Amino acid sequence: MDTKQIWFTTLGTLQNQILRYDYDTWLKTTSLVSVANDLAVIGAPNVTTKQVIEDRFMSVLRRALGEVLGYQVNVRVIISSATPAPSEPVAVTLSEPSPTTEVAEPSFASFNQPAPMLNQLPLGDPNRSSVLNPRYTFSSFIVGTSNRLAHAACMAVAEHPAQAYNPLFLYGGVGLGKTHLLQAIGNYALDRNPEVNVLYVSSEKFTNDLINAIRRQQTEEFRIRYRNIDILLIDDIQFIAGKEGTQEEFFHTFNTLHGAGKQIVLSSDRPPKAILTLEERLRSRFEWGLIVDVQNPDLETRTAILRAKGETLQVPVSSEVIDFLAQRIQSNIRELEGCLNRVIAYANLNRTPVTVEVASAALADLLDTSRRKRVTADDIFREVSQHYGIDQRAIRGRGRSRNVVLPRQVVMYLLREETDASLVEIGELLGGRDHTTVMHGYNKITDDLTSDARLRNDITSLRQRLYGENAR
Ligand SMILES: Nc1ncnc2c1ncn2[C@@H]1O[C@H](COP(=O)(O)OP(=O)(O)OP(=O)(O)O)[C@@H](O)[C@H]1O
């Protein structure tokens, strides 16, 4: 068989294995350039097709080719300027694409032409489920007071795309679960309906794709790629600030999708108002829908996350170790997970069970330095008293006016979060109060933190005072 016959037969097999519009859009226009040394080189007519094939069809292609050839081959896709129909002779000129990582924006002058209408674009999306991490689902996401709102908003969007909140804008510090939630929306929507076009990209990838499209004069493909989507998930949108050309293109992408009733979800490390050098017209669009923040996880959430993570690792981790880690590692969830992994690896290497002593040894450098000095109950009473201008005796006393109850509950919260004191001990420190009263005070502050920005600022500045530079 020559390459033409091989490809003809392979495409015939593939036609029965993948969705018809996927076949028509992405595979019909490809060719088999060569087969040699266990390597089959496939020619794609443009960079978008090449990317889609690489992202979605490599394993099915390998299998189909293997069946036709009778032996296994590796597959490589290149861009080929000729795009013969499968029944036509293969005659191609090869051109290697240039590297995809770029640093600066080129001139966008040639790019400001009208975009194709959505209904003129071919169906079938580029780069979807293949780039969504299957681990990032709603069921693997632990909900606590710090992320309850964000989780509910994402769930609503996943269930009713473009009907609940559009756009949905998620913001929060590093490692707090924004990417997880964004991708959970995509995974959920795809589980419900595999035909839905979901695209998850970082804003850096959006920028790079745009730059490459301009450089290769493939702006049309770029637009097809980005405007033929049902749910667009863009991570770390703050990075488009200051990039004029990217903002311009994103503005049009946003308008096209939003106008066509498609869902847009954005994440950022800060709210739209705080993204400096973001064009006003984009800022106002980001504020059209719902803006929710993801906060630092409280003790309960940290404990629940560690417990769930321990279960997936199938390594017995005692509740003492989990409590120890949840108390000590407060910065973010990525670090929390990293620390648990490190403790388990350390125990494995030393062939010991995972105990608090082992955890403490495994994390010695982190616990001693990065977080810093130990905070004492005295530190907390002193700082809270100064912050609210309330005498320490009043905080410990029996008064029930609002101006003393709030600082008292903040002390309960900080003692529980920042020290190893038990509920009973905290009650004693606060003038012999019952542990259920302490629990109530702690819960009150944790709940209020989700909705009360002023209280959040209070807690943040108190932590800064307690820990200095390293405070979260
Ligand atoms: N509530 C949660 N339940 C379970 N796992 C979580 C939760 N929040 C975050 N994680 C996990 O923590 C890790 C970091 O989360 P993620 O990458 O989503 O953070 P991020 O907010 O996008 O951070 P960055 O801004 O640095 O990109 C991931 O492994 C994620 O699965």
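Any Cβ shown, glycine's included, is placed from N, Cα and C.
Automatic, uncurated: that is what TrEMBL annotation is.
What TrEMBL records for this protein:
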{"type": "BINDING", "residues": "GLY175, GLY177, LYS178, THR179", "note": "ATP binding site"}
{"type": "DOMAIN", "residues": "164-292", "note": "domain 'AAA+ ATPase'"}
{"type": "DOMAIN", "residues": "376-445", "note": "domain 'Chromosomal replication initiator DnaA C-terminal'"}
{"type": "REGION", "residues": "1-83", "note": "region 'Domain I, interacts with DnaA modulators'"}
{"type": "REGION", "residues": "131-347", "note": "region 'Domain III, AAA+ region'"}
{"type": "REGION", "residues": "348-472", "note": "region 'Domain IV, binds dsDNA'"}
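According to its DSSP assignment, GLY175 (ATP binding site) is coil.
Of the listed binding-site residues GLY175, GLY177, the Cβ environment within 10 Å is emptiest of other Cβ atoms at GLY175. Under DSSP, the residues of the domain 'AAA+ ATPase' (164-292) split into helix, strand and coil as follows: 67 helix, 24 strand, 38 coil.
Mapped onto DSSP helix, strand and coil, the region 'Domain IV, binds dsDNA' (348-472) counts 90 helix, 0 strand, 35 coil. For the region 'Domain I, interacts with DnaA modulators' (1-83), residue counts in helix, strand and coil come to 44 helix, 19 strand, 20 coil, using DSSP. Taking the mean position of the Cβ atoms of GLY175, GLY177, LYS178, THR179 as the ATP site, the remaining same-chain residues with a Cβ inside 8 Å of that point are GLY172, VAL174, LEU176, HIS180, LEU181, SER267, VAL294, ILE333, ARG334.
Counting only residues at least six positions away in the same chain, the Cβ atoms of TYR136, ASP235, SER267 sit under 8 Å from the Cβ of THR179 (ATP binding site). Cβ contacts within 10 Å of LYS178 (ATP binding site), excluding its own Cβ and spanning all protein chains shown: 25.
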